[in-house]
Amino acid sequence: MSTNTSKTLELFSKKTVQEHNTANDCWVTYQNRKIYDVTRFLSEHPGGDESILDYAGKDITEIMKDSDVHEHSDSAYEILEDEYLIGYLATDEEAARLLTNKNHKVEVQLSADGTEFDSTTFVKELPAEEKLSIATDYSNDYKKHKFLDLNRPLLMQILRSDFKKDFYVDQIHRPRHYGKGSAPLFGNFLEPLTKTAWWVVPVAWLPVVVYHMGVALKNMNQLFACFLFCVGVFVWTLIEYGLHRFLFHFDDWLPESNIAFATHFLLHGCHHYLPMDKYRLVMPPTLFVILCAPFYKLVFALLPLYWAYAGFAGGLFGYVCYDECHFFLHHSKLPPFMRKLKKYHLEHHYKNYQLGFGVTSWFWDEVFGTYLGPDAPLSKMKYE
């Protein structure tokens, strides 16, 4: 098998590898060292998926050499290396290091040039997805960037800082990963109020959707009500784009004010600073009520009453789909037809935060000239 020395890969324990042993999550090792995630390859394997699943979570060195089972060409090894290599199996000594790390992850250096993956540097090509969840070295990050110390409550650091706007905007969009759950914002009894699980959004808002649509269906032509519902969903996609581009990313219009920085941080900056924090990803209901109220009043002021009920139900349903989609783009293995959208959104975080504002689609990005394509430039990094 060819040797790849140009990647910085992650280290995994044997126990971790053994846990990835199903058709939906299949890892194998080669030469008891290289780890491959072959889940996507199962359906494409010429010899069928059963021959691979028999070795899920195990080493495939001997079976790869066994021509009686299946002949493997050099290109088969190259495909494994280029497309499915995700990390290395820890030795006993390395495993001991893993067990002393609360996040059970240690990044190992495998490249010949001595470079390491740095999430705070925007990149042309996204790294392996597993890398996005490697914990930031808090101490080194603070020493290098002189920005926020992940060991201490973040909001008070911003309020007490002497950051200039350009420095704050530059640094807040450079991704970090806390690695121990959610980083502290307040560090006191208010902390639980800053966290929202993904399931809260449908539980809180789908009943409201059902109520408003139910009122519309009872009081107007049902086919027309469904049409207005669909219009509401479509209008939401434009609102989604507009809010993300002009409210969440009001970076250029930020005043030189710590209160403004703190507001920006709570509204959206925190998500860019810690994009893989699963409890700071969907919108807290309280914040959504504040943002939604003007739109609710506008819809009911402009449209006949029951038209407004149907249209608002569609818009609210569109929001629920958006927030759930946003969560799963960050935290799930998605079917093939969703992978381009996932890549597109992650590039908004790790490549260029000034493009790619659509989350559920890139339609409005194409309309308004903010499409984040393969040739798009990296966001500038002014402060190192």
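Cβ coordinates are placed from backbone N, Cα and C, and glycine is handled just like the others.
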Swiss-Prot: matching membrane side for Lys278 and Gly356: yes
Record-annotated Zn(2+) 1 site (Swiss-Prot): member among His45, His145, His348 besides His244, His249, His268, His272: His348
DSSP-derived helix, strand and coil totals, residue by residue, for the topological domain 'Cytoplasmic' (247-284): 21 helix, 0 strand, 17 coil
For the topological domain 'Lumenal' (217-221), distant same-chain residues with Cβ under 8 A (at least six beyond the ends): 306-307, 309-310
Model confidence over the topological domain 'Cytoplasmic' (1-197) (mean pLDDT, whole number): 80
For the binding-site residues His271, His348, the one whose C-beta sees the most other C-beta atoms within 10 angstroms: His348
Long-range Cβ neighbours of the transmembrane segment (285-302) (under 8 Å; 6 or more residues past either end): 196, 200-201, 204-205, 239, 243, 247, 267, 308, 311-312, 315-316, 319
Cβ neighbour count within 10 Å of His330 (Zn(2+) 2 binding site): 19
Secondary structure content, the topological domain 'Cytoplasmic' (329-384) (per DSSP, counts of residues): 24 helix, 0 strand, 32 coil
